[in-house]
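Residues or ranges marked as region 'Disordered' in TrEMBL: 78-113, 152-175, 199-240. If you look up TrEMBL, you'll see 78-88 marked as compositional bias 'Basic residues'. Feature annotation from TrEMBL assigns compositional bias 'Gly residues' to 156-165. Taken from TrEMBL, the feature compositional bias 'Acidic residues' applies to 199-232. TrEMBL lists 372-606 with the feature domain 'OBG-type G'.
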Amino acid sequence: MNRLGGGRTAPSAACRVVTGVTRLGCYWCQRRTPRPSPTCQGSLTSRFQITSSRIEDDDFALGPGRWTIDPTKVARLERRKQREKNKPRAQVPFKDRVKIKTRGGSGGKGSISFHSLGSYKKRPCGGHGGKGGDVYLITDSQLSSLKLERHHYFGQDGGNGGKNGRNGRNGNDLHVRVPCGVVVRRVLDWDELDVMYGDNLDDNDGQFEGLESEAEDDERSEGEDEQDESFDSFDPAQSEQDFEEYYEALQSSKKHRKQSSEVEIDKELVNSGVRADDGMYHWSSSDLEMASTAYGLDDGDESRMSRHAVFVADLDQPNTRVLVAGGGKGGVGNQAYASRHYFSGMAANAAKKAAPGPGELSYLELELKLIADAGLVGFPNAGKSSLLSAMSRATPKIASYPFTTLHPLVGTVQYNDGFNVVMADVPGLIDGAAEGRGKGYVQGLCSITDDLFFSRDSSNLPRMEFLRHIERTKALVYIVDAAGVDGRCPVNDLRILGKELREYGSSGVFHPEDETEVERNSGDDEIRRRRIEIMNRPSLILANKMDLIPKEDTVVGRREEILYELSQAADEVGIACASDDILGISAGVSGEGLQILSKKLRSAVEGAK
Ligand SMILES: Nc1nc2c(ncn2[C@@H]2O[C@H](COP(=O)(O)OP(=O)(O)OP(=O)(O)O)[C@@H](O)[C@H]2O)c(=O)[nH]1
Ligand SMILES: [Mg+2]
């Protein structure tokens, strides 16, 4: 094969891609400098720098004893490559709610095998299966969107046990990267609630494997403890009796486990609703009761039941992880019974226990609540995105039409001493936002309301969901268009913004019945508190587009007048803001007032700590 991938034949369809070729040689003899020879009639006509370009057959003009590449085609390829290089990097599409399915890897099978040689002949020697890999969610501060690669995440299966006591390898754990600020909820499905409440526990195949494998573990350790038993004192009759007792005990323990399945919901353990040490999820009985009364267990509406979700974790710190689906336990190899059931027939009963445990399956709802230090709140076209792009390295879309920004975006304001303020730009608010009016993120909301897993009523107006992205901010930055480019009055705008946020904070969008009992008592409580205190946060008020108001206005002191009126309006609606925190700026044109703004922003964020 030569560099063109063609050997001494003409380039074929299978060998068209030329990768990493820096210089073309003679097609026939591959020499850089073709020499006339009896075997080579070729001559080099052009030299090009080509990397990972696609060369078509018809690029080769094979003349008598000569070949060439169409230079215009190569130049075109080069230009295309350059264009692609200069293209702005595609932004990861924003998503703040996602539903995923996770399953831990299955355990490996336990092996049933017997020694075939020497004094150990026929003695059981099957190794145990390896444990299945777990699935974790781990936070990554580099990510800002919940746009995940897949919707299904499975841990690796454990390896099977082998002969001669070789245990299977454990499956690898899987870490799913999510941005910071993700609230994880686990969807309770019909089956799970049925198991908790229903009488038909025997029909629930596979519900108790976890428990069985725990018992297997106990027995495994028992078996291992007893491995020192002397084989000289082995009595087959006694052994048979032992085995019967053992089998009976096993059966009764299984029965017991099934009967006592409700004991699994340990009332003491359950307060947090997160995974307990035994690897199982526990829910508070009140939570389950709430589910049963809310949806009615007997009405047979499975889809409605499946919407009940339980709070699992609030991942608000970077590099924290939570186990969402545990791997199955490995099957027990028959070496565990080596001492107890010496005869192959008896040990072969171990085959029942050699089956591996399945990995845990869980359906999760992930909800991203951006964690920003400051949130930008303003009407469409006020200049929020312009301000974010002027103060940080974020590249939001800026345009003169309203609702340019349809999903939240964060940027970082960097200070010389290393201090950072993360600022969130959210879609523009309008009058009635707290009741659900507005355009921001409507596409996302439609998909959410259609979603089986969310208990939102699609007949209602879509809520201003993106406001929850400013729930976790420490400070708020209100921004109004001081020049009134769209014919708006900045002072009136501020009044409306204050009113909408107040409504959102106190009742409005906030629906306590959406919260589960566990959520109310755990991490999300903090969010509720913050939400209610939304108006008490340190705030700045910015009058943007000051460049459009001349300093020497015909109306004397027009700029000062606007700032004064804004401070009056802030007092009226109860925005926590001192008079010197009301600034005139020009975010998109002259950049005036941005320096003082960065200082004020820092002190507001620091003051809120
Ligand atoms: N004259 C002037 N125009 C500005 C200034 N800041 C922003 N603009 C213009 O105002 C228009 C809207 O700016 P954006 O930053 O997209 O406004 P926004 O608040 O993000 O708007 P939405 O995303 O639609 O909510 C753009 O045409 C900007 O060029 C400014 O300081 N002076
Ligand atoms: Mg915008």
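Just so you know, glycine gets a Cβ as well, placed from its N, Cα and C.
Any TrEMBL annotation is an automated prediction that lacks curation.
Look at the region 'Disordered' (152-175): DSSP puts its residues at 0 helix, 5 strand, 19 coil. Using a Cβ-Cβ cut-off under 8 Å and counting only residues 6 or more beyond its ends in the same chain, the region 'Disordered' (152-175) has close neighbours at 100-111, 113, 115, 125-138, 321, 325, 327-328, 330-331, 333, 335, 354, 356, 359.
Helix, strand and coil counts under DSSP for the compositional bias 'Basic residues' (78-88) come to 9 helix, 0 strand, 2 coil.
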